[in-house]
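In TrEMBL this protein carries:
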type	residues	note
TRANSMEM	58-81	transmembrane segment
TRANSMEM	102-121	transmembrane segment
TRANSMEM	141-162	transmembrane segment
TRANSMEM	169-190	transmembrane segment
TRANSMEM	210-232	transmembrane segment
TRANSMEM	253-277	transmembrane segment
TRANSMEM	337-356	transmembrane segment
TRANSMEM	368-391	transmembrane segment
TRANSMEM	403-426	transmembrane segment
TRANSMEM	449-472	transmembrane segment
TRANSMEM	484-505	transmembrane segment
TRANSMEM	541-562	transmembrane segment
């Protein structure tokens, strides 16, 4: 079997498992909306629950994700490449020592940081834009419990990276499914304990709030727990240590610290977006933004993530063995495929957005006003977001992390700046000052805030994606982008046409007319909360999938007509999924 066929088969496995995980993960967000709601305890919970992951990413997340596979894949490749048994044993021993040191440093860094977060929970919550004293108190209690999640995220990333370096992709993709099932069960029990008081946070019992906090933390534990036995079965001998073998410690430090700038910029943008949603849009806006973001991530997780994840060990192997021409060819081929699938995802998201909002309206307590407009504004940034994952790893594989950092940090910096300015744009309106009944209707205000946050997010991803393409060209040569620029131009045209066709179909129905009414203001000024209706749910879900698929098919048909390399990429994908 050829190397590319092996890569494609691995990508298919990851795609299938990731699809199942994402379907359940999507259900988890619907469950949150149903049992917690978009406002009230939903806003409080989401404001606190974003912070542990934010701290983890700043402290170690991106560094670990970028360092584990390069540090381990090279020695593992040598162990499996033949040679003497002694050489293979030495390479495997080096892998064990590197993995042990990564695990040791992860705990040494993250456990104290979790303690600091718990101690400083109240002042941290004070920065999130929450104003109601009851909301602040409950969010503070949540955060003290959620701090335990910080080292658990680290364990999950290291264990998952060990398995990916061994080209065992099933469990790292499957663990999020288990975690989501646990969290869904937690939400369901909370719904029973809340007795309908989700939008009246002061009336919720300590038992209900404690169950929600600790249950969610157990859900994070299950990101790591399913990986323990598969890692043990790799044969690696993990021991308590902080010492890397040979000069691997200096390489690990370079890989880790090279990404600090990008990580800080990314997490700053996440925090400022959280604050802007609360401060500018008011109660419920953050939850609706997170719902839109999860839908936005569906095509990324199902289509782009498997390609990038499966390619990364091969990038590292080629770079470690000095096979630069093979590395360039693989980067170009996988980048073209990545651009194709993410562009189809953009077309589908834009077309289906009004139906997506309607589905969430039917499920979520407090509804999801502004979700369609926010999703349409976010969608084009999907391409740049996928390139961050893919091309950053290509640059890390050849120890050119600085170029990845500069491009990625620039993009996240644009998003952070836009998010920081968003509350100024809406100053006074969240308090009802200086506006009439139409312009200050809560639904309309949320929708406008969602649109602005979506636009600034897309702007940042465009900057990051273009910067990474230029960085790859500079450090790997033009051969690493063979056919990429031509494919990108064709896909811009094809995606625009596909999305427009889908929106035209969507506008013919009531969901489309209602969402597009934002541009004239009136329909969003006042509306009652939507009650659940099973027939309406199934209808809107089916129509959303239908128009999304139609938009993607139109975009694909035009793309393969415009570019021959995209025809080849499409043929490979169709063979694998047929």
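Glycine too: its Cβ is placed from the backbone N, Cα and C atoms.
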Residue list, the transmembrane segment (210-232) vs rest of chain: Cβ under 8 Å, 6 or more residues beyond ends. 36, 41, 45, 49, 52, 141-142, 145-146, 148-149, 152-153, 155-156, 159-160, 162-163, 168, 170-172, 174-176, 178-180, 182-183, 185-187, 189-190, 193, 238
If we skip the immediate neighbours and take only residues 6+ beyond the ends of the transmembrane segment (484-505), which ones have a Cβ under 8 Å from one of its Cβ atoms? 332, 335-336, 339-340, 343-344, 346-348, 350-352, 379, 469, 512, 547-548, 550-559, 562-563, 565-566
Sequence-remote partners of the transmembrane segment (337-356) [C-beta within less than 8 Å, at least six residues beyond its ends]: 295-296, 298-300, 303-304, 307-308, 371-373, 375-376, 378-380, 382-383, 386-387, 390, 484, 487-488, 491-492, 494-495, 498-499, 501-503, 505-506, 509, 511-512, 514-516, 540-541, 543-545, 547-552, 554-556, 559, 566, 569-570, 572-573
Using Cβ atoms only, state whether the transmembrane segment (449-472) and the transmembrane segment (368-391) have three or more pairs under 8 Å that are 6 or more apart in sequence. yes
